[in-house]
Amino acid sequence: MLNSAMSVVILAAGKGTRMYSDIPKVLHTLAGKPMVQHVIDAATKLGAAQVHLVYGHGGELLKQTLKDDKLNWVLQAEQLGTGHAMQQAAPFFSDDEDILMLYGDVPLISVETLQRLRDAKPQGGIGLLTVKLDDPSGYGRITRENGKVTGIVEHKDATDEQRQIQEINTGILIANGADLKRWLSKMTNNNAQGEYYITDIIALAYQEGREIAAVHPARISETDGVNNRLQLSRLERIYQAEQAEKLLLSGVMLRDPARFDLRGTLHCGMDVEIDANVIIEGYVTLGHRVKIGAGCIIKNSVIGDDCEISPYSVVEDAHLEAACTIGPFARLRPGAELLAGAHVGNFVEMKKARLGKGSKAGHLTYLGDAEIGDNVNIGAGTITCNYDGANKFKTVIGDDVFVGSDTQLVAPVTVGKGATIAAGTTVTRNVADNELVLSRVPQVHKQGWQRPVKKK
C-alpha cells in the first residue's frame with residue numbers, strides 16, 4: 001500500500017578498501033558518472049521528498065562532487081553496520097512517510113524495480129527486494145515459514161541448513177518511518193561481526209505480525225554491488241550492453257554493440273549509423289541519417305541531419321548544422337560551430353570558431369577565435385594566430401574568401417569579402433574586399449651550388 005510521501009536513505013559511508021584508491025568507493029565512475037550519482041538520480045526520478053546520504057570516509061570530496069544535488073548529509077563517524085547507518089539517519093524520518101533504503105555502490109538499480117517495490121509494500125509492513133542465486137555464498141539468506149518471509153540470516157551466522165537457501169537479501173527495502181524508527185531502536189549487535197544489521201528488522205516486524213512482501217528485480221544485475229574494480233568493470237559492460245540494446249531496438253545502427261560506450265544521454269534521429277569504438281559523453285543529439293566513424297568521441301554536442309564524422313575525430317561542445325563533414329582525425333573544441341555543408345578535414349582543429357555555409361578547411365589547420373563566412377576556402381597549414389601570450393584576439397574572414405596554403409592570420413585582423421590571400425602569406429593588417437594579398441621573401445637562385453657533404 002503506497003503512502004503519499006517517501007524519502008530515500010543512501011548508504012555511502014564505506015571506504016572501499018578493495019578498490020585500492022584514495023577516492024571514496026561510491027565516487028568511482030560507471031558510464032561517466034559516480035556510482036552514487038546513478039542511485040541519487042533513481043531516487044529523484046522516483047519522486048523522493050528528501051534524499052538522506054549517509055557518509056563517512058572522504059566526506060569533503062563527496063560533498064564537493066555532489067554539491068549540485070539536494071541532499072541531507074548524515075555523518076556515520078564509525079562504520080558499525082547497515083543498521084547503525086540507518087540509526088544515524090532515523091532522527092530525520094517523518095512518522096507518516098515511507099523510507100526507502102538504497103546503497104551508493106549498487107548503481108544499476110532501476111526506477112521501475114523500485115516503483116514495484118514501493119507499490120508492493122504492505123500497510124504497516126516491509127517491502128523487501130530479494131533475488132535467487134545459484135551460488136548464494138556470502139549473502140544473507142531469506143527465511144520463510146509457509147511461504148511467508150520471517151527473517152534474514154547473515155551467512156556468517158547461518159546454520160548449514162540455512163546456507164542451502166538460494167533466496168538472498170539485496171539490502172534494499174522500504175518501510176514506514178515510525179515503524180522503522182521503532183525497529184531500529186530495538187536492534188542489537190549480538191552476532192558474529194559485532195555489528196548492527198538492518199536485516200534484524202525483518203524478524204522484529206514478523207514478531208509484531210507485520211507482513212513482509214518480497215519483490216524480485218527485473219534483472220539480477222540491478223542489485224549487484226561493487227567492492228573492487230573487477231566488479232565495477234563488469235557492471236560497466238552490463239550497463240553498456242543494456243544501453244546498446246535500447247539504441248538498436250529504437251532504430252540506431254551500432255556496427256559493433258560490444259564496442260560502444262554511452263556515458264551520458266543520446267538522442268538520435270532516423271537511420272543513424274555508429275561504427276565501432278565510439279564514445280558518447282554528456283548530452284548529445286544526432287539528427288537524421290548521421291554517420292559516426294570508428295573511434296570518434298562526441299561530447300555535449302548537436303550534430304545536424306546528414307552529417308558525417310569520419311574516424312578518430314573528437315567533437316566537444318560543438319554545433320553542426322545539416323550536411324557537414326568532419327575528419328578523419330579532426331578536433332572540434334568548445335565553441336566550434338559549422339553551418340550547413342561546411343567541411344573540416346584531417347588534422348584540423350577549431351575552437352570558439354564559426355565556419356560558414358559551404359566553407360572548407362581541408363587539412364592541417366588551426367582556427368581559433370574566428371568568424372569565417374560562407375563559401376570560404378581555407379588552405380592547408382593555415383593558422384589563426386589568436387594569442388599573444390596574455391590575451392586572445394579574433395579573426396574575421398568574409399564570404400567567398402580564398403586563403404592559400406601556409407597562411408598565418410595575426411589577430412586581430414579582418415579579411416573582406418572576395419579577397420584572395422596567396423600561399424605563404426602572413427597577414428598582419430586588415431584586407432579590403434576583393435583584394436589580393438601576398439607577402440614574399442625574394443627568391444634567390446645560385447647556379448652551380450655545391451651541397452655540403454659530411455666528412456668521413
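In case you wondered, yes, glycine gets a Cβ from its N, Cα and C as well.
Swiss-Prot names Ala380, Asn386, Tyr387, Ser405, Ala423 as acetyl-CoA ligands; from the candidate set Arg354, Arg440, the record adds Arg440 to that same site.
Long-range Cβ contacts of the region 'Linker' (230-250) within its own chain (Cβ-Cβ under 8 Å, at least 6 residues beyond either end) map to 19, 28, 30-31, 35, 107-108, 221, 224, 257-258, 260-262, 266, 268. Taking the C-alpha atom of Asp105 (Mg(2+) binding site) as reference, the shortest distance to any of the binding-site residues Leu11, Gly81, Asn377, Ser405 belongs to Leu11. Cβ neighbours within 10 Å of Leu11 (UDP-N-acetyl-alpha-D-glucosamine binding site), excluding its own Cβ and spanning all shown chains: 29.
Cα of Gly104 (UDP-N-acetyl-alpha-D-glucosamine binding site) to Cα of Ser405 (acetyl-CoA binding site): a span of 55 Å.
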